[in-house]
Amino acid sequence: MADPTSKDDHDGEGGRDKSSTFVQKLIDVEEAKTQIIYSLPMIFTNLFYYCIPLTSVMFASQLGQLELAGATLANSWATVTGFAFMTGLSGALETLCGQGFGAKSYRMLGIHLQSSCIVSLVFTILITILWFFTESVFLLLRQDPSISKQAALYMKYLAPGLLAYGFLQNILRFCQTQCIVTPLVLFSFLPLVINIGTTYALVHLAGLGFIGAPIATSISLWIAFVSLGFYVICSDKFKETWTGFSMESFHHVVLNLTLSIPSAAMVCLEYWAFEILVFLAGLMRNPEITTSLVAICVNTESISYMLTCGLSAATSTRVSNELGAGNVKGAKKATSVSVKLSLVLALGVVIAILVGHDAWVGLFSNSHVIKEGFASLRFFLAASITLDSIQGVLSGVARGCGWQRLATVINLGTFYLIGMPISVLCGFKLKLHAKGLWIGLICGMFCQSASLLLMTIFRKWTKLTAATV
């Protein structure tokens, strides 16, 4: 007698097979798993390092209104002129080390790391000189004199940490391109914990007050760099890619510059666009409300981008590794999966914002006016977060392929020739205020994402020459 459940079991298995086939057609599951497993540690790593200077600002902010304004202004200035630039410079290694690892030119990874550190050292000196004129620059920009003086004091003691941050970013890219990412979570979390304790000790126990916060940040960044550096030197995982210091690294500085400067420009042009929006908001009627709304939106976008950064790093590594191995088809497949994952990621964040916007804005302000204003902006913010997620992944493709120069031109044109003029027109001329500013940003981001997508589709995919990787 036949088993009466056999047909049901067969139908159930057939249904599962159909479902599995549909998912496989929609997205390469194995590639998606690889990228997700890789992205998660990078998300936490980026978040922990991001929180080191932020926690110091929080401690300084507790000392008074002047200290709050000075520390916040200093941190913003340090980010757009220093930390973001250093992060961008390290993007050269995503191309050089990523493709070198794929091509099995393992020794060259250590050489490129040293070249990148030389470049970081030179630019750190130049940026530090700029930082020592912070007060004059702020006064030139018509900032409050007392706040400018306080911010300049903060920058003075933050400057020693910039070099450590630059070196740290280079080592992160060096590890990232070899798919060694899980240990990075521990090496980023420990300095954050140390920074919290050090900041409290210097600000409150040692009696250093305001300057204790930036000193703690500098100390913590050096601890982060030295600890990760020792890990690379001592671990057997890097025995083929780190063979010691070499004078050969100086021969590759020019090559590094051809990629690192456009990569830094890519990052900074986008960072600066958001800062300009906050500045424009301060020029409007009711600047306290408009600035607060735009600042909350910018902070929300930045936090959301932390998630995209992890996926962008995974995309860059997968693309550069495949190109280095001569597998263009594999690189394109990785890109396709990354773009789909970016849409899923954006959808999750957007749903959270649309559903929980009231609770979210409550973390920043209890004002009913601010809450109502943010509610009216939430759909615009959802659009920009979606576009930012897509462009973040496509920018990762550009870094993996070595297309930084073209991507820089795209960012310059879309943000400053399209986005900003529309922001000014809608915000001031059409009197849409904060909405108008964000509409301009969305227009710029849409053009940016579309341009990067067209570049990805139509540009020829080739690896760098064997001599460079």
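Residue 1 is the first one shown; counting continues down the chain.
Just so it is clear, glycine is given a Cβ too, placed from its N, Cα and C backbone atoms.
Taken from Swiss-Prot, the feature transmembrane segment applies to 40-60 (among others).
Long-range contacts of the transmembrane segment (73-93) within the same chain: residues 53-54, 57, 112-113, 116, 119-120, 123-124, 127, 130-131, 134, 138, 143, 147-148, 150-152, 154-155, 158, 162, 165-166, 169-170, 172-174, 177, 214, 256, 259-261, 263-268, 271-272, 275, 399, 404, each at least 6 residues beyond the stretch ends and with a Cβ under 8 Å from a Cβ of the stretch. According to Swiss-Prot, the transmembrane segment annotation covers 73-93 (among others), on the basis of sequence analysis.
Using a Cβ-Cβ cut-off under 8 Å and counting only residues 6 or more beyond its ends in the same chain, the transmembrane segment (121-141) has close neighbours at 73-74, 77-78, 81-82, 85-86, 89, 147-149, 151-152, 155-156, 158-159, 162-163, 166. Per Swiss-Prot, transmembrane segment is recorded for 121-141 (among others), and the stated evidence type is sequence analysis.
Distant neighbours of the transmembrane segment (152-172): 45, 49, 53, 60, 70-71, 74-75, 77-78, 82-83, 86-87, 89-90, 93, 113, 116-117, 120-121, 123-124, 127-128, 131-132, 134-135, 138, 184, 210-211, 213-215, 217-222, 224-226, 228-229, 232; these residues of the same chain sit at least 6 beyond its ends, with a Cβ under 8 Å from one of its Cβ atoms. Annotation source Swiss-Prot lists transmembrane segment at 152-172 (among others).
As annotated by Swiss-Prot, transmembrane segment applies to 183-203 (among others). Same-chain residues lying 6 or more positions outside the transmembrane segment (183-203) and placing a CB less than 8 Å from one of its CB atoms are 41-42, 44-46, 48-49, 51-52, 55-56, 59-60, 63, 172, 175-176, 209-210, 212-213, 215-217, 219-221, 223-224, 227-228, 231.
The transmembrane segment annotation in Swiss-Prot covers 206-226 (among others) and rests on sequence analysis.
Here Swiss-Prot flags 252-274 (among others) as transmembrane segment, drawing on sequence analysis.
Sequence annotations record features per position, and here Swiss-Prot assigns transmembrane segment to 293-313 (among others) based on sequence analysis. Taking Cβ pairs closer than 8 Å, the transmembrane segment (293-313) reaches residues 35, 38-43, 46-47, 50, 94, 176, 274, 277-278, 281, 338, 341-342, 345, 349, 353, 360-361, 364-365, 370, 373-374, 377, 381, 384-385, 388-389, 392-393, 395-396, 434, 437-438 in its own chain, all 6 or more past its ends.
For the transmembrane segment (344-364), the list of distant contacts is 292, 296, 299-300, 304, 307-308, 311, 370-371, 374-375, 378-379, 381-382, 385-386, 388-390: same-chain residues at least six beyond its ends, Cβ to Cβ under 8 Å. The feature transmembrane segment is assigned by Swiss-Prot to 344-364 (among others), with sequence analysis given as support.
Sequence-distant contacts of the transmembrane segment (374-394), counting only residues of its own chain at least 6 positions beyond either end whose CB sits under 8 Å from a CB of the stretch, comprise 293, 296-297, 300-301, 304-305, 307-309, 311-312, 315, 335, 338-339, 341-343, 345-347, 349-350, 353-354, 357-358, 361, 434-435, 438-439, 441-442, 445-446, 448-449, 452-453, 455-456. If you look up Swiss-Prot, you'll see 374-394 (among others) marked as transmembrane segment, on the strength of sequence analysis.
Summarising the annotation, Swiss-Prot assigns transmembrane segment to 406-426 (among others) and lists sequence analysis as the type of evidence. Listed as Cβ neighbours of the transmembrane segment (406-426) (distance under 8 Å, sequence separation of 6 or more from its ends, same chain) are residues 262, 265-266, 269-270, 273, 276-277, 280, 395, 398-399, 432, 435-441, 443-445, 447-448, 451-452, 455, 459.
Summarising the annotation, Swiss-Prot assigns transmembrane segment to 438-458 (among others).
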- [ ] Would you mind listing the long-range same-chain contacts of the transmembrane segment (206-226), meaning Cβ under 8 Å and 6+ residues beyond its ends?
- [x] 49, 52-53, 56-57, 59-60, 63, 67, 70-71, 74, 150, 153-161, 164-165, 167-168, 171, 187-188, 191-192, 194-195, 198-199
